[in-house]
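S.K.: Quick one: the structure is below, and I'll ask about it shortly.
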Number of protein chains: 2
Amino acid sequence: MSAAGCVGVATPRSFESKEPFRFVSGEELPGLAIAYETYGELSAAKDNAILICHALSGSQHAAGLAPGQEGQEVKQRDKGWWDLLIGPGKAIDTSRFFVVCSNNIGGCHGSTGPKTVNPATGRPYGSGFPEVRVEDWVEAQLLLAAHLGIARFHAVVGGSIGGMQALSWAIRHPAMVARAAIIAGTPKLTTQNIAFNEIARQSIKSDPAFSQGDYYGQEQGPRSGLAIARMLGHVTYLSGGDLERRFSRRRREDGDTFEIESYLRYNGDKFADYFDANTYLIMTEALDEFNPAAEAGGDLAAALRPAAARFLVASFRKDWRFPPQRSRELVKALLQADKRVSYAELGADGGHDAFLQDDPAYHEVVRSFLGAAEE
Amino acid sequence: MSAAGCVGVATPRSFESKEPFRFVSGEELPGLAIAYETYGELSAAKDNAILICHALSGSQHAAGLAPGQEGQEVKQRDKGWWDLLIGPGKAIDTSRFFVVCSNNIGGCHGSTGPKTVNPATGRPYGSGFPEVRVEDWVEAQLLLAAHLGIARFHAVVGGSIGGMQALSWAIRHPAMVARAAIIAGTPKLTTQNIAFNEIARQSIKSDPAFSQGDYYGQEQGPRSGLAIARMLGHVTYLSGGDLERRFSRRRREDGDTFEIESYLRYNGDKFADYFDANTYLIMTEALDEFNPAAEAGGDLAAALRPAAARFLVASFRKDWRFPPQRSRELVKALLQADKRVSYAELGADGGHDAFLQDDPAYHEVVRSFLGAAEE
């Protein structure tokens, strides 16, 4: 194994599609901007591309440093969100692969989203942004693939909602996906999942500063509602054991506040600094609605039949948001549909967020699934 | 078994203690009002009394109908919160026992609490209400016991936070507690428990209508913050399977909204109609702080040593808020401390809220633990 390295400073890129974009909902936008980053080199044959799909709070900045961080001491958590997995010699090896990650549309990191100015009104889309489905993300990424001259991905890879995108890619564009890795994913949300998402949404929508989604001209948006939503997400992405080990019942120096309390407040606040509340609503609604089996009368195996990819499904034992049971349902349906599938149930203790974390067994599973570029 | 019946219309009672009441925190109130209800008859020997301790959103109205409901068709959910267990012929049999339930101090159903007018200022206590601990509830209930002439309870019984009170009673007043039933309880909260409580508190506190706790003169208090807190509590009190069975991914007639979404919103709203946000804060803080082992250097068995009661510890398999593991820790410590303890791990599917629900096996466990009045 080569020594694992960092991709260095990532160059922010953007692609502008001037074609009207039609959403699953039937709504249309006159065009799309797609913010993205790439790491590694596209081979002459253009056969070594890996598409990375991001999850709820992610962005196109999946690996390396952001401009401005060069020459600084940068903590791991301040690097790209999947930097632990993406880089030269890492599980997703940029010395072999050309790795692409784009900001989902409806996002808030440069792709067309609710804070984008609507050319028809001169004001941000806000509440008027179309409803977004996972399939819309896939179709926007398809435009980017065409722009980059990629006719077929060596792999489409994602965790959580990113895994939903990888699954959707494999179903919708079988000829373009050689491998699909669905990590900490689920073929559809449970009632409990939807319930947590709804509480997060209510928390945003009931913040008076939300102004029905049209808050961009205000001094401040629904910061506190968004912070609560994030705190709730955060707690449910961690396992109980993980929280116990990291915080237990320890107090802050004031002797009064529990450390977990100040940790949650700090993280909620930080999130509200950089994330957009409308994007949070859009993402959670897309999550709730994802259900590829629905198009096949509820038969997931039938929905998967068109796929031609080799599949990796990986789950984490302590993930109670999308637990192994959900991944096993997917594996079962893939086998029923006669697909080639590897399944890994990983022991990492980090809850749902384990898909973002450092775990040698997990990284090795991803590395070996991706194989060599020429395979 | 006699046919189970209803206690009928409960008479709201109140007891006023004129003695200064000193809280664990050292703060003092000049006196206390304690709202309570009783069901059944106190025996001449005054040896058949059972004290019921309520949980977070409970009140003194544990059984039967409220005044005004007489002669009406009253749904089970609109009766007292533990009406399924308390009544003639029921698990807590009012034809044998004299059952007492009081509203916890700091509450919002008639006992002295944050919405009570502070005689010193002429305004509600609001943010100035003392910090409340589980032990304060016990000491207030002790005053009520004295008022009722009860020197020893046949049993002290509670679920969830109510179980914490029963445990605290057994430790603090061993001579007064013949039996203690701790149902769906825990000897202390986990980090995850505290985290959920903190999110609920932040949701209340960040509602602009909270006004730092002094909202009583306003047209409206922090309704939406309280509703979010309740939604979050509600989801965590149910098991995933319970939610799935009741709501699945079914939609409302509009075809858009999931049923679980409108259910949560409706329940959050309803809760905000009758509950007080400051009480919610007080209750969750008391929960977080409860940790009898702390007074014995972290040794729970040592903390339990003074108790003289026979114990019932009961947990529910699908309760992930206070799961069986927490009850087993308590049982283990009780055994280490040489106490008599029965433990029941019940299969009811209702999550933490199963302690409120109809389950014959559960009810039989409670009934048989309580035995006959003369035992």
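Every residue gets a Cβ built from N, Cα and C, even glycine.
Any TrEMBL annotation is an automated prediction that lacks curation.
Annotation comment: TrEMBL describes B:49-358 as domain 'AB hydrolase-1'. The active site, nucleophile annotation in TrEMBL covers B:Ser160. Annotation comment: TrEMBL describes B:Arg230, B:Asp353 as substrate binding site. TrEMBL lists B:Asp319, B:His352 with the feature active site. For B:Arg321, the entry in TrEMBL reads site 'Important for acyl-CoA specificity'.
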S.K.: Hey, of the recorded positions listed (B:Asp319, B:Asp353), which one tops the CB count within 10 A?
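M.R.: The residue with the most neighbouring Cβ atoms within 10 Å is B:Asp319.
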S.K.: Within 10 angstroms of the C-beta of B:Ser160 (active site, nucleophile), what count of other C-beta atoms is obtained when all protein chains are considered?
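M.R.: Excluding its own Cβ, B:Ser160 (active site, nucleophile) sees 27 Cβ atoms within 10 Å.
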S.K.: Sorted by position, what residues of the same chain at least six away from B:Arg230 (substrate binding site) have a C-beta under 8 A from it?
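M.R.: Listed in sequence order, they are B:Ser57, B:Asn267, B:Gly268, B:Phe271, B:Ala272, B:Phe275.
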S.K.: Spatially, and counting Cα to Cα, which of the recorded positions is closest to B:Arg321 (site 'Important for acyl-CoA specificity')? Options: B:Ser160, B:His352, B:Asp353.
M.R.: B:His352
S.K.: Any same-chain residues 6+ apart from B:His352 (active site) with CB under 8 Å of its CB? Would you list them in sequence order, or say none?
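M.R.: Spatial neighbours, sequence-distant, of B:His352 (active site): B:Ser160, B:Ala184, B:Thr236, B:Tyr237, B:Leu238, B:Phe316, B:Asp319, B:Trp320, B:Arg321, B:Phe322.
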S.K.: DSSP three-state call for B:Arg321 (site 'Important for acyl-CoA specificity'): helix, strand or coil?
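M.R.: The three-state answer is coil.
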S.K.: Taking only the residues in the domain 'AB hydrolase-1' (B:49-358), give me the average pLDDT of this model.
M.R.: 97
